[in-house]
Amino acid sequence: MEKEKTIMDQDTVSLDDEGNAVVIIDQTLLPGRTELIRLKTAEEIWDAIYLLKVRGAPAIGVTAAFGIYLLAKSCKTENYDIFLAEFRKNKEYLDSSRPTAVNLSWALKRMERVVTDHASLPVPQILSLLKKEAEEIRDEDIRVCRRIGEYGLTLVKKGDGILTHCNAGQLATVRYGTATAPIYLGQEKGYGFHVFADETRPLLQGARLTAFELASAGVDVTLICDNMASTVMKNGWVNAVFVGCDRVAANGDTANKIGTSGVAILAAHYGIPFYVCAPTSTIDLATPTGADIRIEERKPEEVSEMWYRERMAPDGVKIFNPAFDVTDHSLITGIVTEYGVLRPPYEEAFRSLPGR
Ligand code: MRU
């Protein structure tokens, strides 16, 4: 009998067969509805990223790469200078959709290099190269996540309890995820992990996305509120923490979903190893420390109203809603990349990476 298709059989981001639209799973509708949407215009792509219809650092990068290709394709000119000016305008616009995840600007800069490195070619040929580059960014993401999974798996043993925060899963990448990659690979090999997914206030990526995708893949997952992490750790149910990240500074400080640094502090208190899973594209050597990372602040209504039937805070109360926080490098046991598990001192470890 043919295996029933699940969300895991669908790439989070793809280009449609005709090359006319970026196709994404609308993550704001999960877990209730699985709907694919087609993005064609600059505004649709910007909104999808800003509104978190597509989210997670690597998935945003791939969306931007396919998106800028589509926008370049719709610029009907044979004149290189006009083409480049229009390309840069679209690049700046897409880049402004979210500030913290470096993968967005990383992918857009990579696409821009294709245009500037081939200034002598006719525009149609540049367009084919842009398509190829976007596909390569997508394919690399799949390969890199699989490698992160392989290295991550060496850090845990059969039957372990693993805690994760937010969604650094398949839905945050094209396939496998980063923090979930060791879990999926372990699942294939019968490791029998027990996973705790923090619900991740205020946008519930842990509840709506991580718990959903892990359960769809048959992983033993237990959902907890963010403030229960200490209890499950104290009970001895967690052997390792795996989280994703949006930007790693040159000293190893790491920005990830709000609440991650609290989990790291708890893990240190209970003597539990805390691993950050990061494609090397997320390591930003131009940002010296975590204090230099720009942290996105989002609307107050996400805290006071979203998900509730009625407003759950007094009118006019002050609300602070940072979307990310920075985990100090001293709290990170290892950074799991596609080249292996990096250990402190991170400055030195980053220098040993290929191409750095
Ligand atoms: O605001 P989000 O949902 O885009 O935040 C996502 C995260 O913080 C992820 O942990 C991070 O992007 C890594 S995804 C592999």
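Don't overthink the numbers, they just go from 1 along the chain as shown.
Using the three backbone atoms N, Cα and C, a Cβ is placed for every residue, glycine included.
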For the substrate site that TrEMBL describes with R55, G56, A57, R98, N256, K257, which of these is also annotated: Q10, Q205?
Q205
Where ligand 1 binds, which of the binding-site residues R98, Q205, K257 are close by, with Cβ under 6 Å?
Q205, K257
Sequence gap of 6 or more, Cβ distance under 8 Å: name the residues on the same chain that satisfy this around R55 (substrate binding site), in order along the sequence.
Q27, I49, N167, A172, Q205
Neighbour-count leader, CB within 10 A, binding-site residues: R98, K257:
K257
Need this for a regression test: recorded positions A57, R98, D246, N256, filtered to those with Cα within 10 Å of C166 (site 'Transition state stabilizer'). What's left?
N256
Could you give the Cα-Cα distance between R98 (substrate binding site) and D246 (active site, proton donor), in whole Å?
11
